[in-house]
Structures are given as C-alpha cells and as structure tokens.
Amino acid sequence: MASSSTCRAWHCLLALFLLSSSAYGQLSPSFYAKTCPTLELIVRSTVTKAILVERRMGASLLRLHFHDCFVQGSFVGEKTALPNMNSVRGFGVIDEIKKNVELVCPGVVSCADIIAVAARDGVVLLGGPSWPVPLGQRDSTTASLNAANSDIPTPDYSLDQLIAAFNKHQLSPRDMTALSGAHTIGYSQCINFRDHIYNGTNIDPVFATLRKRTCPAQAPNGDTNLAPLDVQTPLAFDNAYYSNLVAKRGLLNSDQELFNGGSQDALVSRYVINPALFASDFVTAIIKMSKLSPPPGTPTQIRRNCRVINS
C-alpha cells in the first residue's frame, strides 16, 4: 500500500484508474517493446525533472500507484474521496508524462501503465530498489467514489483491520508490512495524526511533543500542516521507517500498529537489521500488487487524457 507527501495514509485505497489486463492478455515488462519502445525513457526523464524540482514528488507518485491497484475509478473520483480531500498530489506529473508519450505513441499506452512506471522511477531516484513493471493494463471507464469512501483505511486502523483490507486484494500480512515501508518517504497532514500524538498510548512521548509543535490539539487549527512520515530520512527510500516503529515513532497510528505487540513485530525487527530483506520483500509485494485486475468484463480503454474518460 503508498505514500504521497500529504496523504491521509499511503494505504488509503485511491479511486484512480484500476485497470483490466484482459483485453491486452499477459502482462509483461516488455509489453510496449515494439509499439512504444521509448516509453520508459520518456517516463524516467519526466519524473527526474519533477523530482529535481521537488524531491517529495517521488512519494506522491508512489502513492498514486498503490491506490491505482486497489479501487476502480479515476483521477476525479479519487480526488473527491473524503479521506483524500485537498491532500492528493502528483496528477500534474502524470499529465505531463501522458502528453509526452502521446506525441510519439498516440493511443497506445494506458494511464495505469504510465503511473506504474513513474512510481518505480520515483522510488529509484530516491535511492530505493528497482523492479520490472508488469505492463499491459488498460484504463477503466468508470469512477468509484463510493468505493473510495468505503474502502479507504483511515490512520486509526488497527492491525487486524489493516490485514483484512490487504487480504481483500490478495495481499498477505507480509506484503502489507513490506508495502507499508513506502512511508519511508513523504509527509502527512496534522489531521491524520493528531489523535495519535495527543491520545495514543503506543507513542514515544518525546516524539509526540515534537509533532505537537506544528499540530495544534484543537481542530481545525493546523489541519493541513505537514510532518514527515519518516522522521529520520523523509526524502530517502530506506529502511529507517521500521527503526522508527521500534522506537515508537510511527507518525500514524496505523503505522505504529505494525509494531505494537502483534503478529508483525518480528518482521519489522528483521527489516530494521536487514535492509536488503525489506527491499526484496517490497519488490515482491509491489509486483504482486501491480498485477491486480478487476472482475472479467470490466469496460476498459486507453485514455487520451488521464483525468477523463474518452468521449
């Protein structure tokens, strides 16, 4: 599951363009080798430019990919989902990539595949692992605002709720814990962690005091003020997120639930001492997630504009 810089929680289940691969057949990293061979070069150059301007854009793009794989919908549907109001980012970068791709490969590459490659490149440019992106997805023709509002986990989710939410999409507890490491980059708004820092019992009091400096107790004061999801290295993709959890410095309650006397404590501890294991598990889980598809028969298309369905 995500993270944008200003996400309510990266594993919020975004109503973006979840896509069916049925019309394209088997997903493959070489899907566009003949029809759009310069795709990955175009994506990498555009993402590089965006991250040079603002490094936390890498987190925003990764968040979009996480959410794209969970809830069928569109840019518009997701942006108006209650948990994401005024917080979702990265659409402008996707628009720029789509425009550049359409100039050389018109009507060929889906928005879903563009966002998947952009997310991978954002992680790599912030120091994280690379992976072969399964390509050949298509764009949905429907938005799912209701699904976005009902399926998006909130920052106060318990471990059992998190496991159930990921299991719904054929992702194991290990997958969930590895994908949560996406919160090693990016930021979140005060509204998402206020209750945790003022009322939480599984939080380091010194860390809570630090976060209270920019997150007033009384809402809506400071609701949109930002804090890093990883207090150590918020703009570097590494395993510091898990060290934070062991020290009870998870920004969101749903983060800290991964290390709170439950079933994922041992795995979190392993990721702390073995960054290569985290990177490997993250890659395995994100490839697995990237292959998720909606039920057979779901209407799909190749969008000309990632924000709207083709007329």
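Along the chain as shown, residues are numbered 1 onward.
Every residue, even glycine, has its Cβ placed from backbone N, Cα and C.
Note that the structure is predicted; figures quoted are calculated from it, not measured.
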**OP:** With reference to TrEMBL, specify which of the listed residues Cys111, Cys215 is paired with Cys190 by a disulfide.
**Re:** Cys215
Original post:
Choosing among Cys12, Cys36, Cys69, which residue does TrEMBL name as bonded to Cys105 by a disulfide?
Top reply: Cys36
Original post:
Fewest other CB within 10 angstroms, which one of the binding-site residues Thr184, Thr233?
Top reply: Thr233
Original post:
In Å, rounded, how far does the Cα of Asp230 (Ca(2+) 2 binding site) sit from the Cα of His183 (heme b binding site)?
Top reply: 7
**OP:** Have a look around Cys105 (disulfide bond) and count the other CB atoms within 10 A of its CB, chains all included.
**Re:** 16
**OP:** Looking only at C-alpha atoms, tell me how far Cys306 (disulfide bond) is from Asp68 (Ca(2+) 1 binding site), rounded to the nearest Å.
**Re:** 12
Subject >> Candidates Cys111, His183, Cys190, Asp238 (recorded positions) - the one closest to Cys105 (disulfide bond) by CA >> reply: Cys111
